[in-house]
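First up is the structure itself, then whatever we jot down about it.
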Amino acid sequence: MAGHTEENAQLLSTEQESVSRHSSDSAASTASTTSLVFDRIGERVAANRSEKSMMVTPKFPPRGEMAYADDEHTQIHLDEEEEKDYDLEDSAFLTNGATNKSVDKKLRKLIWIVGGVFIGAWVLALFIFLGKQAYKHSSEIPHDPQATSSRGNGKKVTMDQVMGGQWRATKHSISWIAGANGEDGLLLEQGSAGKDYLIVEDVRTQNPETVGTLDRMTLMKDGSFTVAGRSLYPSKVYPSKDLKKVLVATDVQSNWRHSFYAKYWIFDVESQTAEPLDPVDLDGRVQLASWSPKSDAIVFTRDNNMYLRKLSSPTVIQITTDGGPEFFYGVPDWVYEEEVFAGASATWWDDSGKYIAFLRTNESEVPEYPIQYFVSRPSGKEPLPGEENYPEVREIKYPKAGAPNPTVDLLFYDIFKAEVFEVTIAGGFEPKNLLITEVVWAGSTGKALIRETNRESDILRVVLVDVVAREGKTVRYTDINKLDGGWFEVSEDTRYIPADPANGRPHDGYIDTIIHENYDHLGYFTPMDNPEPILLTSGNWEVVQAPSAVDLKNNLVYFVSTKESPITRQVYSVKLDGTDMKAITDTSNEGYYGASFSKGAGYVLLNYNGPGIPWQKVISTPSNGNQYTHTIEENKGLAEMAKKHDLPILIYQTVTIDGFELQVVERRPPHFNPKKKYPVLFYLYGGPGSQTVSKSFNVDFESYIASNLGYIVVTVDGRGTGFIGRKARTIIRGNIGHYEARDQIETAKIWASKKYVDASRMAIWGWSYGGFMTLKTLEEDAGETFSYGMAVAPVTDWRFYDSIYTERYMHTPQHNPGGYDNTSISNVEALSKNVRFLVMHGVADDNVHMQNTLTLLDKLDLAGVENYDVHVFPDSDHSIYFHNANRIVYDKLNNWLINAFNGEWLRTANAVPLQIDAAKV
């Protein structure tokens, strides 16, 4: 089987190389076809000579076989063979050797004349082709919705390039930092060539034509330092606000997706020396450490207990004492890290440096899930004698849907009184029905905003706490079931706006994302306890991770939105009274922008992510009197690479299903020929609020499939995905997978009806939620549209996934048992009607447990269903990287798909034993 695949790959490579000369331009097409005829004749002559001398049968593929590998060349190849079946031994095209004597001179003269005419026409067509610049790569041509052909004549995208990151745009992250005296436009640079190891620099000095207001300041001269005879090397650095000290993390060891353990040191900028964070415990595994806003103290968590180190003393103060395996202080447990904070911290300083808010998490009732490691020992511990041959098991407190959640409390610590206290607010959720999703201090006022939801995330409560008075009240309460029946997403974008009467802000307030007429928009709540916002944005579009920044001096709010299109991103500003909205980016040209603003919002790093070659530029914002612009990355190397390669043709369009307009991108192979029949691969993720179709530049595995293998790849963002309004998003609640699968199937039927699509060769693939959607689509479709599917790390029963994520979209299993039954992959009879499908999973997946795949396999076994393949990866988590596993995943997807579209799985389904003639043995 491997040899057969290898042979197909070699033939595919040879034929696509020839086909790269073909173009939709008529002149180019003439040139390419003519040269292809002569090339083929030349190849046959050479092959004939070689094969005759070796006395073997010629190895050209039988007629029609290569249709599976390269349809475009097959079309030309078959047409030529049907017109004339050349006998190579007696061919008039042989110009030397014995057969040349038998060729009639007149015939030979006629052949030379005809050949000369063909060559002359070929040269003329070539000049026309070059004159029209038809050789330009499609990446240089704006996206054309009506485009049917690439004009490239370059190399194919390779798997090695994609896997090696060669198509990844170079991006520079700027760590904006506020100056000790409030200066704006300062950035932190670590490890830049030709500079001290850690410096603070005015961004304007990056452009040699401008002068910054701050001289470069060195925080750490060298990339190493010594403490008690130890040589230490920084992994992470955190300067104090006054820039006099640096908190340095070394010996970092990963924990979960975001969290890690490290040893911490306090580095003095003036003396360039360091001391341990805790002089008594130099080797303590610290989970989190953060500076006081006043630069005079550091709070940290070690072994799930909280501690305080004041710089005025080497003594460490222990804040909590009962932390351990079941109680967490200041750091989240697994599910809060993964699904709520998307980070490792549950500690918040107020601006005055007087108070610390922190989360206490009680996991005592949360069931454990065992993660087994058969090859490695992530704990770093040596096994006990006699247990060397047993796998290491890590027990994780993992609340599955309907199981007990961790209970959380928000506690406060008074620095000066050395006192921990809690503020109780009447009318709150029961502890088992409470999620605390955001904490925002109101500057130095001693007040904090706390965002809470119920367990199913459909009731929101915003609480305002006064820690000085130790009292609080509910300032907003929203039951979304009365609005659109959806859910509240976890958000940490609330921005506090301090009062400034002289600047038109008589009261303090905050900006938050709100639901307005079916879309996510920005609202400004002022005073803080006002439940009715000033509407800052409105319309049939949405804000994205907003606000991005607030310019308090000029009362401006900056944000990114989908105003121009659901699949693009532009940057805007709006005044705090909701007027004068302006674009910061050029909206006359489509673009997918990201933005990172300086601390005072006077400067912004613009990230242009597509559809063209990405670039980065630092500019001053419109309200900044000092106009500044500096390009820091153009990705010229990537641009040159794109010119030399045949990239897929991207066709953006929409489909309307059940009244919903959905975004689609079709990746066509270079040199697309609408007269041919192409196999089609659907790729999806499809998770709630996600987006896969966008105008960002991306050369990925799907690009490789289209460019190298010559298949069409289609992605549709169905119902449930983001940025097309809440009506389309929330319709899936309580029954995830149903509408999403329908949208994939109906879109696939549209493609199957196209003249250039081979409806018998359609496949679908996805990872994680996309793996679930792949199986759900195959189940719903039952072989009617899709013949093949490839699912990586799929959820197969939402009862097995974590509670906070799942119940947000499905309610609890106790509340919605029928919905959970419907969403599970259980109709194995329907799966048996597909030609074949593939499932892959990491054995040590702590996110989507291997339990999902194993229970599906059991259902298939019980029903006697065998039309599938399985590959598991020992010790790999959800990303599947352990011991070269990630490359194996994509190699497997690649080879499995080629075999599918070559018809191998049809032959496998009806296996016939090879008959051997005993007389010839």
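Just so you know, the numbers here start at 1 and follow the chain as drawn.
Glycine is no exception: its Cβ is also placed from the backbone N, Cα and C atoms.
Source: prediction; values computed, not measured.
According to Swiss-Prot:
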- 1-33: region 'Disordered' (REGION)
- 1-109: topological domain 'Cytoplasmic' (TOPO_DOM)
- 8-17: compositional bias 'Polar residues' (COMPBIAS)
- 110-130: transmembrane segment (TRANSMEM)
- 131-921: topological domain 'Vacuolar' (TOPO_DOM)
- Asn362: N-linked glycosylation site (CARBOHYD)
- Ser768: active site, charge relay system (ACT_SITE)
- Asn822: N-linked glycosylation site (CARBOHYD)
- Asp845: active site, charge relay system (ACT_SITE)
- His878: active site, charge relay system (ACT_SITE)
Three-state secondary structure of Asn822 (N-linked glycosylation site) from DSSP?
helix
Candidate nearest Asn362 (N-linked glycosylation site) in space, where candidates are the active-site residues Ser768, Asp845, His878 and distance is Cα-Cα:
Asp845
Other C-beta atoms that fall within 10 angstroms of the C-beta of His878 (active site, charge relay system):
18
Determine the Cβ neighbour count for Asp845 (active site, charge relay system): the number of other Cβ atoms within 10 Å of its Cβ.
22
Specify the nearest of the active-site residues Ser768, Asp845, His878 to Asn822 (N-linked glycosylation site), where nearness means the distance between Cα atoms.
Ser768
Please report the number of other Cβ atoms within 10 Å of the Cβ of Asn362 (N-linked glycosylation site).
16
To the nearest whole angstrom, state the Cα distance for the pair His878 (active site, charge relay system) and Ser768 (active site, charge relay system).
8
Cβ neighbours within the same chain of Ser768 (active site, charge relay system) - under 8 Å, at least six residues apart:
Tyr685, Gly687, Val792, Ala793, Pro794, Val795, Asn847, Val848, His878
Average pLDDT across the topological domain 'Cytoplasmic' (1-109)?
33
